[in-house]
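**Student:** The structure that follows is given in the form of structure tokens.
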Amino acid sequence: MAFASLIERQRIRLLLALLFGACGTLAFSPYDVWPAAIISLMGLQALTFNRRPLQSAAIGFCWGFGLFGSGINWVYVSIATFGGMPGPVNIFLVVLLAAYLSLYTGLFAGVLSRLWPKTTWLRVAIAAPALWQVTEFLRGWVLTGFPWLQFGYSQIDGPLKGLAPLMGVEAINFLLMMVSGLLALALVKRNWRPLVVAVVLFALPFPLRYIRWFTPQPEKTIQVSMVQGDIPQSLKWDEGQLLNTLKIYYNATAPLMGKSSLIIWPESAITDLEINQQPFLKALDGELRDKGSSLVTGIVDARLNKQNRYDTYNTIITLGKGAPYSYESADRYNKNHLVPFGEFVPLESILRPLAPFFDLPMSSFSRGPYIQPPLSANGIELTAAICYEIILGEQVRDNFRPDTDYLLTISNDAWFGKSIGPWQHFQMARMRALELARPLLRSTNNGITAVIGPQGEIQAMIPQFTREVLTTNVTPTTGLTPYARTGNWPLWVLTALFGFAAVLMSLRQRRK
């Protein structure tokens, strides 16, 4: 009785919400304890039972603050190291980001208790998953979005991974919320029926993991080499280091020419404008073509626009076998989804003078088109994404083509040091390979550089913070997963049906 009385206190529930939210971080890499996702979501739902809407909103906010405060604290590393501001200000900015993201979980909990106040099957199994899908969409869309720490990613090695090629990672989010709600209902009501339904729902997708939505093409197997330059972020944009950086990448690449069909350098490996490096690029292109290899590299490009100003792009270009390199070549990719404050500054004229954090190197990029053709290198078709873009499942899928041989992502996670951020980023990249059933080539400055198989499995990788080359044979695949064909539309239809049913049934119950 004493415990029952204690748990009814709002302050205790707020504290528990913080703890359950923080527990959710364990579901993601590098911890990979996927049951933590269910425990965390179950805690969120259970703590909002029998609460008024404002109380539930506060619980949802505290839960979100626990999740994001522990799960994205890696942002502090880049702010503290490169932001040029006092320690208390750095901490405040991280707290502010976590608090902002927590508004969406607070919105979820508050609306859920406002529209479906009773602790029923309707609330946990129908209303909650649909509402969660909407609030998670808003978190990934408003102010360019930040869809980090979606619990579906915890299943990349879990029992529900087979659902990803069928309906995408967001469908796993949906099912996890439903299962967690039913478990919370079973616990609070001490009723075995919701428990049985939860177990059945959780088990149903398990056989899907054994379906192969792709066909390997062993006759097209190639040797791929990815150069991990391990250039310290503090030196990366130092003009005096440019020549040394080029030497590091060239010296690692020269022995690979004629052996590896495809060589990959990471994001902005060439830390200079493309137009300034024409002699180097043309000489390297000629050497690669002579030896039958191709190179894909990150670089910075600046083009004069119609207003007679320069647009600067975070770019991928190709060199080597095939048509000679040309600055006018369309065989390039310009990053579309830019990171706020890292690659562009909102309210630039106001914020830039305030602190060095708002004036970081290369923080004035322009956007490339949302849809861009695949890169072609040595007859290989590559659907590309730069850094942050790989976490945007729908955008990667929209750029995917049936003739894509591989997914390609290049990145520079040196901003975040030895934190958990790069591992979470890597986990999300793996999900893209699983959703689209294509091998994924991930080349980074200091890790995690890896080859991911078409079922999201790690085929080869090299350690972080080392100057190494990952060389391995990779077999392309063909075939389209249901998710590749339809995207998130089936899930949104399901969300609309669940939402409509939840509202209709709630209205009927109130009339009785």
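Cβ atoms here come from the backbone N, Cα and C positions, even for glycine.
Annotation source Swiss-Prot lists active site, proton acceptor at E267. According to Swiss-Prot, the active site annotation covers K335, on the basis of sequence analysis. Residues or ranges marked as active site, nucleophile in Swiss-Prot (evidence: sequence analysis): C387. Taken from Swiss-Prot, the feature domain 'CN hydrolase' applies to 227-476. For 14-34, 57-77, 91-111, 168-188, 194-214, 487-507, the entry in Swiss-Prot reads transmembrane segment.
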**Student:** Which whole-number value in Å describes the distance between the Cα atoms of C387 (active site, nucleophile) and the residue listed as 'active site'?
**Tutor:** 9
**Student:** Would you mind listing the long-range same-chain contacts of the transmembrane segment (57-77), meaning Cβ under 8 Å and 6+ residues beyond its ends?
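**Tutor:** Cβ under 8 Å, 6 or more out: 10, 13-15, 17-25, 28, 40, 43-44, 47-48, 51, 90-91, 93-95, 97-99, 101-110, 113, 148-149, 415-417, 419-421, 424.
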**Student:** In the same chain, which residue numbers or ranges, 6 or more beyond the ends of the transmembrane segment (14-34), come under 8 angstroms Cβ to Cβ?
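**Tutor:** For the transmembrane segment (14-34), the list is 7, 40-44, 47, 58-60, 62-71, 105, 149, 151, 153-155, 157-158, 420, 423-424, 426-427.
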**Student:** Averaged across the domain 'CN hydrolase' (227-476), what pLDDT does the model get? Just tell me the whole number, please.
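**Tutor:** Computed over the domain 'CN hydrolase' (227-476), the mean pLDDT is 92 on the 0 to 100 scale.
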**Student:** What is the number of other Cβ atoms found within 10 Å of the Cβ of the residue listed as 'active site, proton acceptor'?
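**Tutor:** Step by step: centre on the Cβ of the residue listed as 'active site, proton acceptor', count other Cβ atoms within 10 Å, giving 22.
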**Student:** Measure from the CA atom of the residue listed as 'active site' to the CA atom of the residue listed as 'active site, proton acceptor' and give the result in Å, rounded to a whole number.
**Tutor:** 11
**Student:** Around the Cβ of K335 (active site), how many other Cβ atoms lie within 10 Å? Please give the count over every shown protein chain.
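**Tutor:** The answer is 25.
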